[in-house]
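*Asks:* Before I ask anything, let me first share the structure, which is written out below as structure tokens.
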Amino acid sequence: MSAHKKKVADLEDNQITVDPGSIWAKVWMVGIGLAILGFAIGFAGPSPFKEDDAIQAKLWTGYLNGFMFALSLGLGGLVFVIIQHLVRANWSVAVRRIAEHAMFTLPFVALGGIPLLLGPGHHVFEWMHTEHVLHDPMIKAKLAYLNHGSFKARFGLYLAIWSGLSIAFWNWSRKQDDAKSTEEAAEYAYKQRFLAPIGLIAFALSMTFGAFDFMMSLDPHWFSTMYGVYIFAGVALAIHSLLVVVIHFLQRGGMLKDVVTAEHFHDLGKFMFGFTVFWTYIGFSQYFLIWYANIPEETHWFMYRAHGQWLNLSYLVIFGRFVIPFFLLLRRGWKRNSNYLVWMAFWIIFMEFIDIFWLVQPPFAHHAASRAEEAGAMELAHHFHSYINVTAADVGFFVAFVGVFLTVFGYSLKSMKLVPIQDPRLEESLNHENF
Amino acid sequence: MAKTKGPKKFGLLAEYDTPGAIFKACEKVRDAGYRRWDSFTPFPVHNLDKAMGIKPSVLPWIVFACGMTGAACGMLLQWYTSTIVYPIVIAGKPLFSAQANVPVTFEVGILFASFGAVFGMLGLNKLPAFHHPLFKVPRFSRATDDRFFIAIEAIDPRYDLEKTKKLLEDTGAVKVEEVEE
């Protein structure tokens, strides 16, 4: 029983709307700038390689890297919104709108996958080289799934699911804000709750197979049935961290002050901690079984991540994704203080990018090393095996896709209120308290 | 404070009939500086811990220490058994490898942390206790139904029968009575 109970009607307008003069209303412009700059650097930046093959392969690997990072933030927004509706969560209503903005980027960011379906895909996906595949019995056996036509069809399906769900939830939430009566507002809440279970199943399948198609197929000899769950763990970490970052800085800008409290940050922090452990559990289980069984077709995926600088990167993933956040998110007080939590949130988002780098970049180096070996250039092969090449393309496409994300996110942010003002459960969320 | 003759006293028990009343009463008792006292409610009252001025428990630190000890013990146990006492090569793996030992290390860490949580909680609450003086008061059984209670123990340094009784009566208690040890 607290001293006073907060009422939705008492919320001041400047707390729940973005001031048109503030930097928050211009985030979308910053996004456009970053996107233009990033794509320019990505496509036109210098490359350390001489052969056109290597230049193109590295460029499109960087593209895939940036694309997957921005996509994971959008997917995180979608699954967060779906789950909150599915379980009728009260606590999250005050923070859900920010996740809805992230979710709304999905239909736009996902379009970034189109070039990879067309010509440039050949530079990163080995299985797209038909003449190569026909001599490889292992890839040949997977042709029914791994072929250009069905890849395009599946991508069309992912795009439809992601866009359909995002736009539906976003629209209903938006219309709910303008509802004329509480009955009408409740109607939109029911609609979203009805779509949630269907959406969750569609999301789980599309994200899992999307991860198979865009990342696991980079090394078509290897497979892991846990791969989709592994990606999901990263996606879930990223969205909870993103909410902490955005809301912390909105509060620094004077908004949401009495709306989002230490209680909400505490819950977000608990989810960051929980999914850190979940990621470790999934990542270790995947590694452990492969290590124990010791079958060459499975172990080679880890082998080329265990050489030279790649091994250091693997250690960074272990320490940065498990050891550091695990110990630094343990204490209750640290989760309740957003000044502290925001640093952990930044770190986890950074590690999401590093994790995707760790998944996407080593196959490029592995293939480049094999090609160099075939051509007799042993020194070059050794270079690819042992050193991580970070090029202008990697940086450029990272900036570019963050820019695309911010453009849509910023547009959505300034066009709506900061909380779903007519949601029937908003008042419970405002007064939410942890035991 | 003059010692009263007769049976030893446990302290004073005050009864309230609403959660709001006990919330305000707790704030007053807290502000009066009492330390050895407790409140009893039939259901959790939000923020009552703040009204009572209870400091965060040390239990998390006990659990953390136990968990880390358990993890270390689990790892040590496996290292000792598989390299010193029974060095058997299995599936061509090294005698000791960090990977193979993670599950047991984790499990023993969890086991010890759970022990720390359960027994630490019992220890901090001085449980199990076979008897408590408050159970002698018939009205106290309504603490599990519809009444709210505050008990201030006689061993509290600020305890004074008259003054404490007055304080509790001033907080709006329905009834205040002295409880025997």
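The backbone N, Cα and C atoms fix where each Cβ goes, glycine too.
Automated prediction, rather than curation, is the source of TrEMBL annotations.
Note that the coordinates shown come from a computational prediction; the quantities given were computed from them, not determined experimentally.
Take a look at what TrEMBL says about it:
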type	residues	note
TRANSMEM	A:21-43	transmembrane segment
TRANSMEM	A:63-86	transmembrane segment
TRANSMEM	A:98-118	transmembrane segment
TRANSMEM	A:155-173	transmembrane segment
TRANSMEM	A:194-215	transmembrane segment
TRANSMEM	A:227-250	transmembrane segment
TRANSMEM	A:271-293	transmembrane segment
TRANSMEM	A:313-330	transmembrane segment
TRANSMEM	A:342-360	transmembrane segment
TRANSMEM	A:395-413	transmembrane segment
*Asks:* Is it true that the transmembrane segment (A:395-413) and the transmembrane segment (A:313-330) have 3 or more Cβ pairs under 8 Å, skipping pairs fewer than 6 apart in sequence?
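*Replies:* By the criterion, they do not touch.
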*Asks:* What else in the chain is close to the transmembrane segment (A:271-293), if you only count residues 6 or more beyond its ends and a Cβ gap under 8 Å?
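*Replies:* For the transmembrane segment (A:271-293), the far contacts come to 224, 226-227, 229-230, 233-234, 236-237, 240-241, 244, 299, 301-302, 321-322, 325-326, 329-330, 335, 341, 344-345, 348.
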*Asks:* Excluding the flanking five residues on each side, which residues at least 6 beyond the ends of the transmembrane segment (A:342-360) place their CB within less than 8 Å of a CB in that stretch?
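*Replies:* For the transmembrane segment (A:342-360), the list is 61, 64-65, 68-69, 72, 215, 218, 234, 237-238, 240-242, 244-245, 248-249, 269, 272, 276, 305, 313-314, 316-317, 320-321, 324-325, 328-329, 334, 394, 398.
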*Asks:* Short question: which residues 6 or more past the ends of the transmembrane segment (A:227-250) have a Cβ under 8 Å from it?
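*Replies:* Contacts of the transmembrane segment (A:227-250) (Cβ under 8 Å, skipping residues fewer than 6 from its ends): 24, 72-73, 75-77, 79-80, 95, 98-99, 102, 204, 207-209, 211-212, 215-216, 256, 260, 264-265, 268-269, 271-272, 275-276, 278-279, 282-283, 286, 338-339, 341-342, 344-346, 348-349, 351-352, 355-356, 418.
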*Asks:* Who are the chain neighbours of the transmembrane segment (A:98-118) in space, where the CB to CB distance is under 8 Å and they lie at least 6 residues beyond its ends?
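*Replies:* For the transmembrane segment (A:98-118), the sequence-distant neighbours (Cβ-Cβ under 8 Å, at least 6 residues beyond its ends) are 60, 63-64, 67, 70-71, 73-78, 80-81, 84, 124-125, 151-152, 155, 158-159, 162-163, 166-167, 169-170, 173, 214, 239, 242-243, 246-247, 401, 404-405, 407-409, 412-413, 416, 418, 420.
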